[in-house]
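**Q** As annotated by TrEMBL, domain 'G-protein coupled receptors family 1 profile' applies to 46-294. The transmembrane segment feature in TrEMBL is assigned to 32-56, 106-125, 145-167, 202-224, 245-265, 277-296.
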Amino acid sequence: KNLRDMTSWNHTVVTYFQFLPFSSIPEIQGSLFCLVLLMYLSTLLGNTLIIVITMVDAALHSPMYFFLKNLSFLEIGYTTSTIPKMLVNFLSQRKSISFLGCATQMYAFALLGITECCLLAAMAYDRYVAICHPLHYTTMMSWNVCFLLSAVSWLMGVLVAFGQTAFSFTLPFCGPNRINHFFCDLPPLLKLACVDTYKNEIITYIIAVLFLMVPFLLIIVSYVQILHTIFKMPSASDKRKTFSTCSSHLVVVTLFYGSGIVTYLRPKAHSSSSNKLLSLSYTLMSPMMNPLIYSLRNKEVKQALKRLIAK
């Protein structure tokens, strides 16, 4: 990127950013609003229901459901950091956000996203211990260990997101202020800076590798060990029953990491439209699907839901 005229910084300072429309076809804005609103409300309802069930049902007071409750809380915050503003923009002529509002949105989104990456790895470790070391499960996955894994996940999110956001918003923004996205994500925002952002892009890539690929690789290693243990079981019914306890988590990991890795680690030669669709996948589709995946594929959750309805 060519260095822009530094003398213009004193004359034009960006105080707000403006989002480009999600679609170039104005006639479908209303339909998109209704669809996204329905998906958002489904996300809130489903994840809130998971939190309530895991809190009130004693049968679900275990490490696995402790992490699931944390995941549902994260999903609610994750979608709320972006989708309400997107819905407002669907109905607004001036699709803008203040400079501080953009920084806040980016920080919240990065914090919750990084925390979720770490938490999904912790959930994979929980399943690994439960299946590969069942006799030592209560000691290896004590409540102290669970709280520690959860706290470390949140701490990583808080610290890394703060550093990344602060480093990005100290850049000078003096020219175009139109973000080709539906929220303040880092890659499209860096394109608006008035200086060369090569260092920021390298740091963003390193963070993506550390907090996308490293947890993802840890999850893969955990599941390789899990599958190895399952294949050694003599009974086919035991194999199915054991695998069913971690299949929901595996589906969630595939949805979340698949879209995230493609978005942040693929080469730059891709369209903004595909970026928006991929971002919508991990900011809304994945959080909406998680409660359905865990409730439809998990007998304990379905039984707890029946007990809650009966009460």
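Note: Cβ is positioned from N, Cα and C throughout, glycine not excepted.
Walk me through where these features lie, including what they touch and how far apart they are.
**A** Outside the transmembrane segment (32-56) by six or more residues, the chain places 22-23, 65-66, 68-69, 72-73, 75-76, 79-80, 83-84, 86-87, 90-91, 284-285, 287-288, 290-292, 294-295, 301, 304-305, 308 with a CB less than 8 A from a CB of the stretch.
Long-range Cβ contacts of the transmembrane segment (106-125) within its own chain (Cβ-Cβ under 8 Å, at least 6 residues beyond either end) map to 64, 67-68, 70-71, 74-75, 77-78, 81-82, 149-150, 152-154, 156-158, 160-162, 164-165, 168-169, 183-186, 189, 207, 211-212, 215-216, 218-219, 222-223, 249, 252-253, 256-257, 260, 283.
Taking Cβ pairs closer than 8 Å, the transmembrane segment (145-167) reaches residues 63, 66-67, 70, 103, 106-108, 110-115, 118-119, 122, 125-126, 186, 200, 203-204, 207, 211 in its own chain, all 6 or more past its ends.
Sequence-distant contacts of the transmembrane segment (245-265) (same chain, six or more residues past either end, CB-CB distance under 8 Å): 64, 71, 113, 116-117, 120, 123-124, 127, 130-131, 187, 204-205, 208-209, 212-213, 216, 219, 223, 226, 275, 278-279, 281-282, 285-286, 289-290, 293-294, 297-298.
Remote same-chain residues near the transmembrane segment (277-296) are listed as 36, 39-40, 42-43, 46-47, 49-50, 68, 71-72, 75-76, 78-79, 82-83, 109, 181-183, 185, 248, 251-252, 255-256, 259-260, 262-263, 302, 305 (criterion: CB distance under 8 Å, separation of at least six residues from the stretch ends).
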